[in-house]
Amino acid sequence: MSGAALGLEIVFVFFLALFILHRYGDFKKQHRLVIIATLLAWYLCFLIVFILPLDVSTTIYNRCKLAVNSSPAEGNGSYVTPAPSKQKCFKPWSYIPDGIMPIFWRVVYWTSQFLTWILLPFMQSYARSGGFSITGKIKTALIENAIYYGTYLLIFGAFLIYVAVNPNFNLQWNQLQTIGIAAANTWGLFLLVLLLGYGLVEIPRSHWNGAKRGYLLMKTYFKAAKLMTEKADAEENLEDIMEEVRKVSESIKYNHPLRKCVDTILKKCPTEYQERMGRNMDDYEDFDERQNSYPSEKSLAKLHKQVIYSVQRHRRTQVQWQILLEQAFYLEDVAKNESSATRQFVHTFHSQEPENKLIQYFYTPTVEWYWECLLRPWFYRVLAVVLATFSVIVVWSECTFFSTKPVLSLFAVFIQLAEKTYNYIYIEMACFLTIFFLSICVYSTVFRIRVFNYYYLASHHQTDAYSLLFSGMLFCRLTPPLCLNFLGLTHMDATISHKNTQPTAYTSIMGSMKVLSFIADGFYIYYPMLVVILCIATYFSLGTRCLNLLGFQQFMGDSEMTSDLIDEGKELIRREKRKRQRQEEGETRRREWKERYGNRDDSTRSRTVHTDQKESSFSETNANRPLSKYTRSNGRTERDRIELLQDAEPLDFNADSVNDDPLESDSGR
């Protein structure tokens, strides 16, 4: 099993990152380089989280071997752990051979740092560029990142000059490398504590509120009102941009040098706008530079950038609106079915997507009723209590992990108890649950935050390239300090435990932080205590209240603006529900009409022809009767009317098509 656990986790984490990226990104429409870069960034960050517990268990085993093989006299006090018996020092099932983990961590860490500080910022500017060629996009990206890269080079150059001039400093390359790592981790730790303080409170609270049906439904109404405003704004913005594209397309004719740029812009427009502009265009009219003023290539690049952004935003709001409608309809169904006497879940609308037959077999309406109406609220409450307990333990450990005598950090107590018995399974599970919970608190906040319309991770393949790359940057900057913070909480970091023991392979590549003592002994220890203040602020929703005062509508139960938006959203959902009911009723009537009369058309027509033949022979024999021709013509007219009624389909009632003006009824007929 040597190295097998490492290989399995490498493969598993790759498919996990690929699955999550597929949920948010669009593999068909987005550029392959964007998908590959984002996948690599997410994969490396998730890999660090999953592999670190194996590093901890391997380090504990190596410490055991060194304690057994070295006597106190030979060690000169280098290892304070007493030498256990050889029966206890057995190899863990997930043991990784010596020399693999340092190389592995070095490759993973420096690749992630190259992505977050150099490649991903450049690709962000490249993805948002409106250039029409690769060279133009690269040029735009370099210009936009010149200030970004120049700032770091200026700081680094000033630091090198200071070190070279000051005779008290005698830094080597390893120490410069450690200083660079410390600077990156300091920036990441600053952002990490902010996101962690929000996630430690919001995740348990969101699961507790998930058990409240009325709360979720009211919040959905609130989201519907806000999303409708954003949807209308996106449609209006798209109309304005398409109007500018139409004017440019009409002014720049087929033989103009910039016509290729206009064609590139038209390809990014929605199909209905492309057809409309194609009908209104006269390709056989030559252009005249002396009579008309034409836009420049720079202005076309700006228009191209606006088209890409507006189309993406419009598509995202349309998809989110449909998803929100389905969620609102389902929550209303749950509220109705709670008082059901039959204890079978009844849906107002059938699912538009085909369901799996296996799920339909086991997840019957009765099982769905018991889960949605009885079990799910209690499950969410129990899960919220467990998560809140974890949050309290994390906050306590963040405030006390620097204390080594006595050990106050609960995570360090758990690991040290397992280390005495060398229970590697327990060590790995405790480490994994701890770092997994910390990662969920931080990463979920990254997925939830929204910086206006510039950064927004939207599910169902609606995230743009800029937001995907920005999330990769955040993950690569947050994961290394997150892992160092975890090692500090468990006292596996020698800087925190103050023990001269063998460090983990992960901390060995970070170097000794004693080069910057004010960071190692000050910022890394006391700054995480700020998480207490952030948790209190999140619990009382201070950030939400501040945003609400600034004009950004947030969901608050005691706000008059929130109540107005809830009423507005409730009315919007009611309208969409009536609209969908009319559509389904119309489809049901058409289907019933076809099932009732569709198969009888042929038999009716053959029977009509046979009757006509009989009547014609009857009329010939009774030609002397004066009223026979009138009777025959009237009978055929009646039969024709019956055939027309049988072939017709019922019409749906549409309130919009009713004309109240009697003067316009003739044109309607």
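Cβ coordinates come from backbone N, Cα and C, glycine included.
TrEMBL does not curate its annotations; it predicts them automatically.
What TrEMBL says about this one:
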- 6-21: transmembrane segment (TRANSMEM)
- 33-52: transmembrane segment (TRANSMEM)
- 103-126: transmembrane segment (TRANSMEM)
- 146-165: transmembrane segment (TRANSMEM)
- 177-201: transmembrane segment (TRANSMEM)
- 224-251: coiled coil (COILED)
- 378-396: transmembrane segment (TRANSMEM)
- 425-446: transmembrane segment (TRANSMEM)
- 466-489: transmembrane segment (TRANSMEM)
- 523-542: transmembrane segment (TRANSMEM)
- 576-669: region 'Disordered' (REGION)
- 582-617: compositional bias 'Basic and acidic residues' (COMPBIAS)
- 618-634: compositional bias 'Polar residues' (COMPBIAS)
- 635-644: compositional bias 'Basic and acidic residues' (COMPBIAS)
- 658-669: compositional bias 'Acidic residues' (COMPBIAS)
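Only sequence-distant pairs (6 or more apart) were considered; of these, fewer than three Cβ pairs between the transmembrane segment (523-542) and the transmembrane segment (425-446) are under 8 A, so the stretches are not in contact. Remote same-chain partners of the coiled coil (224-251), defined as residues 6 or more beyond its termini with a Cβ less than 8 Å from a stretch Cβ, comprise 262, 265-266, 269-270, 273, 276-277, 280-281, 292, 294-295, 300, 303, 306-307, 310-311, 313-314, 316-318, 320-321, 324-325, 328, 553, 565-566, 568-569, 572-573. Here the transmembrane segment (378-396) has long-range neighbours at 196, 200-201, 203-205, 207-208, 210-211, 408-411, 437-438, 441, 489, 531-532, 535, meaning same-chain residues at least 6 beyond its ends whose C-beta is under 8 angstroms from one of its own.
Only residues 6 or more beyond the boundaries of the transmembrane segment (466-489), in the same chain, are considered here, and those with a CB under 8 A from a CB of the stretch are 21, 24-25, 30, 34-35, 37-38, 40-42, 44-45, 48-49, 52, 56, 109, 112-113, 115-116, 120-121, 123-124, 127-128, 184-189, 191-192, 195, 394, 397-398, 401, 409, 411-412, 431, 434-435, 438-439, 442-443, 446-447, 454-458, 495-496, 504, 506-507, 510, 524, 528. Counting only same-chain residues 6+ beyond the ends of the transmembrane segment (103-126), those with a CB under 8 A from a CB of the stretch are 6, 33-34, 37, 40-41, 44-45, 47-48, 51, 55, 137-138, 140-142, 144-145, 148, 152, 184, 466, 469-470, 472-473, 476-477, 479-480, 505-506, 508-509. The average pLDDT for the coiled coil (224-251) in the predicted structure is 92.
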